[in-house]
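Feature annotations, courtesy of Swiss-Prot:
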type: ACT_SITE; residues: Glu76; note: active site, proton acceptor
type: ACT_SITE; residues: Lys163; note: active site, proton donor
type: ACT_SITE; residues: Cys197; note: active site, nucleophile
type: DOMAIN; residues: 36-308; note: domain 'CN hydrolase'
type: MOD_RES; residues: Ser2; note: N-acetylserine
Amino acid sequence: MSMQQETSHMTAAPQTNGHQIFPEIDMSAGDSSSIVRATVVQASTVFYDTPATLDKAERLLSEAAENGSQLVVFPEAFIGGYPRGSTFELAIGSRTAKGRDDFRKYHASAIDVPGPEVERLALMAKKYKVYLVMGVIEREGYTLYCTVLFFDSQGLFLGKHRKLMPTALERCIWGFGDGSTIPVFDTPIGKIGAAICWENRMPSLRTAMYAKGIEIYCAPTADSRETWLASMTHIALEGGCFVLSANQFCRRKDYPSPPEYMFSGSEESLTPDSVVCAGGSSIISPLGIVLAGPNYRGEALITADLDLGDIARAKFDFDVVGHYSRPEVFSLNIREHPRKAVSFKTSKVMEDESV
C-alpha cells in the first residue's frame with residue numbers, strides 16, 4: 001500500500017487574485033539547476049525486527065524516488081527503534097532482570113557501523129539514486145549510540161553523526177557522541193548535516209554546523225509536540241538554511257504487546273490504535289516559510305522543492321557566522337578529535353614523545 005504523499009512545489013507560485021501567494025519572494029526566479037526535491041519520511045520502525053525495518057525503509061525510499069526526490073531523510077532511530085515509554089525497569093540504585101533483558105533485545109536490534117545493514121543502505125541509495133540520511137541505533141561493542149548515517153546517490157557511505165547529548169533516560173541506554181562526528185558534507189545538491197532531537201536546542205552545536213556552511217540541515221527527532229515546529233523555524237531563520245525534520249508516527253500496536261513492552265504510566269489507558277507519537281514532520285525554508293507539513297495525521301512522505309537560491313536571499317540581511325557575527329566579542333572552540341576511554345601507545349611512540 002502506498003504512503004500518504006504530501007508534496008509542496010514552491011518553485012512556480014500560482015497566481016491568486018492577481019497576486020503571488022508569497023509576493024515578497026519570486027520563487028520561480030531561481031535557476032532550475034538549484035532546485036532540489038527533498039522528502040522527509042514519517043513512519044514507524046518495525047520494533048525489534050531490524051530486517052523488516054530495512055525492508056520497510058526500502059519501500060519508502062522507492063516511493064520517494066518515484067516521486068522525484070533527490071534527498072530522503074528518515075527519523076531518529078528508525079533502524080533499531082526509539083524505545084518510547086520504556087523504562088528498562090530503571091530506578092536510582094536499582095535494576096531488574098527484565099530490564100537487563102530488555103536492553104539485551106534492544107542491543108540485538110542495533111547495527112554495527114560499518115556492517116551488513118550499512119552496506120544494504122548504501123545499495124538502496126545507489127539503486128534509487130538518492131542522497132539518504134538515516135537515523136539508526138549504532139552498536140559499538142556493548143555501547144549504543146543514537147546515530148545518523150549519510151549516503152550519496154552513488155551508494156557511497158559518507159559518514160555519520162552521533163548524538164552528542166542524549167536526553168533524560170536516553171542517557172542510561174545510549175552513549176555520548178564527541179566532536180569527531182559533527183560533519184557537514186559538501187555534495188552536488190548542497191551542504192548536508194544533521195542534529196538529532198533535543199541537541200538541536202544546543203546553540204554551540206548549531207553554530208558549529210553554521211560555521212561549516214550547512215545548507216540543508218536535517219533534524220531527525222522523536223519530539224512530536226506542536227512547539228517543535230517553532231524550534232525548527234527558528235533554526236532555519238538563524239542558520240539561513242533549509243531544515244528537514246523527520247519524526248516517526250507510531251500507534252501502540254507498532255510496539256510489542258504487554259508484558260513484553262510496557263508504556264510506563266499509561267499502558268492501562270492505551271488501545272492498539274492509540275497514537276503514541278504524532279509525527280509533526282516538516283520542511284522549512286531559510287526564510288522561515290513552512291514548505292511542507294507539519295503532518296500529525298499518520299505515516300506519510302512529506303516532500304518539497306528546495307530553491308537553493310533562497311539561502312543567499314535569507315543571508316542578505318542575516319549571516320550568523322558572517323556579517324552578523326561579532327568574533328571580537330564571542331568565540332567558539334570545538335574539539336574535533338575522537339575522545340577514547342583508553343589509548344594505547346607503543347614504546348617507540350613514547351620514546352619519540354620524550355625527545
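Glycine is no exception: its Cβ is also placed from the backbone N, Cα and C atoms.
Features recorded in Swiss-Prot, as mapped to the structure shown.
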residue : record                       : DSSP (3 states)
Glu76   : active site, proton acceptor : coil
Lys163  : active site, proton donor    : coil
Cys197  : active site, nucleophile     : helix
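For the pair the residue listed as 'active site, nucleophile' and the residue listed as 'active site, proton acceptor', the Cα-Cα distance reads 7 Å.
When the alpha carbons of the residue listed as 'active site, proton donor' and the residue listed as 'active site, proton acceptor' are compared, the span between them is 10 angstrom.
All protein chains included, the residue listed as 'active site, proton acceptor' registers 24 other Cβ atoms within 10 Å of its own Cβ.
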